[in-house]
C-alpha cells in the first residue's frame, strides 16, 4: 500500500490515477460517514410511508382530519383501536376470508400442477419438449389484460362468473408459466443418478416424482409458494373483474372505498394495514426463499 | 443457468439460483471450463465468507448447500444421455454423493456403489449408460399425463384468449359487426387513448432508469455499512405489500395539506429552514396622507428617513388571529438610539379604540417582516423585525434613506404541492412505483455484485484506480447483464402498470394519469362497455411486450447451450 501510494505521487496525475495517500484515506473516512447518513435518510424514506399508514389507522377520525399523523409522537393519547373495531363491524372480515379462500387454493394448485409439468419437462424425454418449454418461457410475460375479456365470456358460459373458483382458476393459469419455469430449472439440476437409482429399484415415474424429486425441491417449492401467495393475495385486477361483491377479497373491498378517500380514511387505513400484515409476516419469515425465487425467475 | 448469485451483500446471505437466466459471466466461465476441483475450492472459500458476513446466512447453510451444488452439476450435464459420462469419474461422483447426504436416504449410496459403471469405468461407460437409460427411461406417453393439467389450463386460459382477443379486436363494441382495424385506428386517434400512450411512454422512459439507478446505488453503498441486511429488508419490504395498500399509503403521503401529507410537510419544513415563510398576504398600509405608499407590491415610506428618527410602518388588512403565535405587543418607536430603527405593526386594536398611525397598548407587532433600506433606488441594508415588530439597521452610514417592505412579505404562504393534481400526478405515481420496486433492483444487483471477482477489483485498486474508476470501468461493465435483466423487468412492469395508477389517481384526474392497462379495464369493464376496443388495447399491450418475450426466449436458449 505504501509503495503504491508513493508511486502514485511520483507518477502523478499524468497517469490519470489520482493520488491515494493519506488524503484519500481521510476522504474515505468522511465519505463513510456521508454514506451512513445518506443511507439512514433513504431508509427513513422507505419506512415513513408505511409507518404513516399504521399511525393513521390507529388515530381517531377527528385527529386525522385535524392534524398530521406525526403529532402522535408528542401526543400519544391520540392512539386508539376504534378504527379497527369499526372496520371489523362493517363486514371486512368476510373479505379477509375471501382473500384466504382465494389465495390458499391458488397457491397449492399452482405448485402441484406446475411440479408435475416441470417433472415432465425436466426428466421425461418426449418429442417437441424443448419447443414446448420455450412456449412456456414466452408465456412468462403475457399481460393478464389479454385474458380478461375472453375468460369473462368463458366463465359466463360455464356459469361460474363471480365465484371464488373463477378467481382461483385464473390465478392458477397465469401463475403456471413462472411456476413451471422455476421448478423445471430446479428439477433439471437434480443429479440423474438419483433418478436412475430409483428407476433401477423399480419405482414408477409417479413414485419417483413424489418420493425423490418433489422432496428434494423443497427450497424451490418454498420460493414458488411465497411468490404465488403474495401475487394472489395482493392482486386487485383479477378480483376486480371476476369476483362479485359476496366473494370479493380485501383489495377489491378497499378499492370500493377509495372513491371518497378523504372521508373513508378511518376505514381505508386499518383495512390496508390488515391486508398487508400477513404478507409482511410471511415475507420476513421466508424472505430468503423469496429472494431465491426472485433471482431464479427474474425474467418474469 | 445455474449461477449462484449469492454473497455477503445479499440479505439472506445466500441466494441460490436454482435455474433461470444467468446474468453473471464469471461463474459461467468456470462452469464451462469444467475445472471442478478449482471451482469447489473457490466455492468453499466463498461460503466461508458468507458465513461471516450476514447474520442470516450461517445456520441455513448446511441444509442448503447440497441442492445448490446439484443444480450446478446439472447444468454441466446436458439432459441427453451419454455426453456427460466421459468426465464422470468415480472419485468425483463419490465426492458429490458425500455432499448429498441430507436429502438422500442412506441406502441409496449402497445401491449406487456397485453400479456397473463404476465397475467397468472408463471408455466402456458411455455405451453401458445409454443402453441402461434407454431401458429404464420413462415412456414419452407418460409425459402427457404429467403435462395434461398444465397444458389444459395454459391452453384454455392463456393461449386461447390471445387468439380470441385478436379476432375480437376486429369487431365493434357489441361484437356483431366486423370493423377491420378501426379499433386500432381509434387507439391512435382518440385523445384519451393517446394520453394513455403518452403516459406509458413517460413511464417507460423514466421509471426503469430511476429504479435501476437507485438499485445500483443502494447495492453499491450497502457494501460499506454494517447494517446492510437491515437496510435491504427495509427497502425491499414494499415488494410484499399489495399495490392497493401502497396506493392507500401514498394517498396519505401526497395529501396536499402540509399539516397532513408527509410529502408536503417535509417540503414546508425544508423551506422554513432555508427561508422565512411568515407571509402576511393582504397586509397593506392605511390610505391616508401619513401612511406609507404601495409601490409594485412593496410598501415604501412616504418621506426619506434617517438615523435617530424612528420610523412607524403601520399595516392593516390582516385578521389579528392570523398573526403568528410569537407576535408580541408592538413597541412604539423610541426617540433615542443611534441607528436607523422603527416598528412594523398591525395598526388595529382589537375591541376598538386606538389611534391610526400610533402604537396603542393592545396592538401587536409583525414579526419576521423583511425591511430594506434604500438609497437612490439601491438596497443598502436589510433587516428583519423582531417579535414586537421593531427593527433596526446596524452599520448603516448616516444619510437619508427610503425604507421598503419588499413584496415577498405579502405573498401567500406555501400551501403544499398538489401532488394529486393534473400536472404532478404521473410523477407522483412514478415516485410510488420507485418506492415499490427499488428493493427488487437492489437485491438483484447486490447479488450480481457479490459474484464479481474481488481480485479484479483489488488489482485495479492496487494499480491506483480511484473508487469511481473501479466502479465505472470494472463494476458496472461486469454488472451489465444483471442491470439489463433489472431494466427489462422494469420496462415490462411499467408497460403493465395498472394498480398504482388506478388507486393513487383520484377520479377527477384519472384521465390525466391514465395508462394503457388501466384504459383497457375502463373501456371493457369500468363503464366503457366496448370490448372491441378493449381487446385491441390488450393486443396492443401484448405487442409492446413481445420484444421482451423474444428476448427472454433467446436468452434462455443461449443459456441452455
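Keep in mind that glycine also has a Cβ here, set from the backbone N, Cα and C atoms.
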Transmembrane segment range according to TrEMBL, out of B:398-423, B:424-449: B:424-449
Per TrEMBL, the range holding transmembrane segment, considering B:117-137, B:180-200, B:201-221, B:264-284: B:201-221
Of B:233-254, B:299-320, B:321-342, the range TrEMBL labels transmembrane segment: B:233-254
TrEMBL annotation (transmembrane segment) - matching range among B:470-492, B:493-515: B:470-492
Correct range for transmembrane segment (source TrEMBL, candidates B:365-385, B:533-553): B:533-553
Cβ-Cβ under 8 Å with the transmembrane segment (B:424-449): same-chain residues at least 6 beyond its ends: 5-7, 9-11, 15, 23-24, 199, 202-203, 206-207, 210-212, 214-216, 218-220, 222-223, 232, 235-239, 241, 243, 246-247, 249-250, 254, 417-418, 475, 478-479, 481-483, 485-486, 489-490, 493-494, 497, 500-501, 504-505, 509, 512-513
